[in-house]
Amino acid sequence: MTRVLAIETSCDETAAAVVEDGRRALSDVVSTQIDIHRRWGGVVPELASRNHVVQVMPVVDEALTRSGVGPEGLDAVAVTSGPGLVGALLVGVQAAKALALAWGKPLVGVNHLEGHLVAAFLAEVPPAFPYLGLVVSGGHTSLYAAHGFGDYRLLGQTRDDAAGEAFDKGAKLLGLPYPGGVAIDRLAKEGDPAAIRFPKAIVKGADLDFSFSGLKTALLHHVKKHGVPEGPALADLCASYQEAIVRALVEKAFRAARRLQFERLVLAGGVAANSRLRAAATARAAEYEGMSVFIPPVRLCTDNAAMIAVAGTHALLRGERAGPDLNADPAWRL
């Protein structure tokens, strides 16, 4: 039995969790900063870092209390050390280093993107390797071939804006509240996704990269020409914009799966909480015999520490250890 405490502070959530054997979350605590950043329309790095300083130890204490596991029952401390906002990452890294030293436990640094890729192992029915992983968030839109824990190969990524960024910037153009992706998803449920024709948000050719800047520009031109609509017309605009983003993600992911002969697709990252993306990916998988799609529960799509504990557990079992010189790496590539 392996029990790992993990800390996650890469952006605007302060999170801690205790996970057993990389499969069972004994606790999973998240302190969100949405209300703090809402007035600014997005995450303010300095405010995020300051709030992490205030919240990190209370969140860790709550995670330990909920799990019923004390420091003596832990096998290691894992922490997100990149990528992310450098100031935010440093808070979590310093806290984890201090706790590991005080408790005499091994320390493991975890890549945030790997955490997303393995979050599905906390679900009731986990995937099996190998699988194709689509990580979609505010800062990343990437396709990975996952052959085992710690064994990933980048297949394609966005050349400009991430899908989550396209949602958030689009929401700002429409005057919608932060977080923008959630607002668009909510309004789109009442709209017609075919009401407005947006350009395909894909890169031409056979490669597996993404591009969303043109789609965002198309929305800007539409708003400049027609203004921001209200009521049903706004719902139609949100649904059409969302559909263009989702279509690009699903088409690229399934193109990669067919070409590389993957039978399993795992959706991960905050945008994987989008209801239309979840439905579209599930529907597309049903069209292909032998193809399965794995989508974690919504709470495991957004930033959390349980997924970091899963990755940390398997890194620990591989013999990986971080020293006292572990530092934040905001540009750490998986």
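Every residue, even glycine, has its Cβ placed from backbone N, Cα and C.
On a predicted model such as this, the values are computed, not experimentally measured, just so you know.
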Same Fe cation site as HIS112, HIS116 according to Swiss-Prot: which of ASP236, ASP303?
ASP303
Need a hand: Swiss-Prot gives VAL135, VAL136, SER137, GLY138, GLY139, GLY181, ASP185, ASN274 for substrate, which of ASP151, ASP168, ASP192 is also on that list?
ASP168
What subset of the binding-site residues VAL135, GLY139, GLY181 lies within 10 angstroms of HIS116 (Fe cation binding site) at the C-alpha level?
VAL135
Candidates VAL135, SER137, ASN274 (binding-site residues) - the one closest to ASP303 (Fe cation binding site) by CA:
SER137
Rounded to the nearest Å, what's the C-alpha distance separating ASN274 (substrate binding site) and HIS112 (Fe cation binding site)? Just drop the number here, would you?
20
Quick one: what's DSSP say for VAL135 (substrate binding site), helix, strand or coil?
strand
